[in-house]
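First up is the structure itself, then whatever we jot down about it.
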Amino acid sequence: MSTIKIEKKSQLVKEVFDSVASRYDTMNDIMSLGMHRLWKDRMVNSVHFTKNSKVLDVAGGTGDIAIRIVRKEPSAKVTVCDINQNMLSRGRDKAINSNQINFDWVCANAESLPFEDSEFDYCTIAFGIRNVSDRKKALNEAHRVLKPHGKFICLEFAPMHYQNEIFTKLYDLYSFKVIPKIGSIVAKDKSSYEYLVKSIREFPTQADFKMEIEEVGFKNVEFHNMSYGIVALHIGTK
């Protein structure tokens, strides 16, 4: 299996999400059997958002996390940031349909955020960190824009490592054969979903990603597995 070259990743990611934006939520439901909704609920419910807090949701184009945050804490001021304008447009439409009209929507790269130092109380990112070209830059930027004692909350798929050979083969079959086939049928785009599966396989283990978060300066970093380690929630404090 070939790896994704860093120098080509930004353009590839843009093309992938340009292609799947209109059917992104539908595909998430189909591929995860609806579980992505529960994972996102747990992510938001794991954090106590203080009143009038400023939250930056990175790679948050679909608005899923932002909408959940303001439902939990209506006074929160949420900025949704995504590198892909098509995803932001879809998220803005979804937010309006959910009667959430007070978000700020910013098209920007997670590796070069257009915000001041120490501007936000919380920085969230769900299923986005594996798509950045340079994780260290993105993590450094998250650390920079957070206030002292601010929280970094990251939800991401994890590479699966099972001792059970049969389960491993079934998981690989579903990931590399079934998911791209579903993408071909539902989203008319097989190659984009081949990329998404490959990006999960190339992501570091939960323990290794924890170390990456710590290396940029976050303290008290911990992670919690969900659904037997299919996804993991990492939380750190500036």
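Each residue, glycine too, has its Cβ placed from N, Cα and C.
Under the heading S-adenosyl-L-methionine binding site, Swiss-Prot lists THR62, ASP82, ASN109, ALA110. Within 10 Å of the C-beta atom of THR62 (S-adenosyl-L-methionine binding site) sit 25 other C-beta atoms, taking all shown protein chains into account.
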Other CB atoms within 10 A, centred on ALA110 (S-adenosyl-L-methionine binding site): 24
For ASP82 (S-adenosyl-L-methionine binding site), the number of other Cβ atoms found within 10 Å of its own Cβ: 26
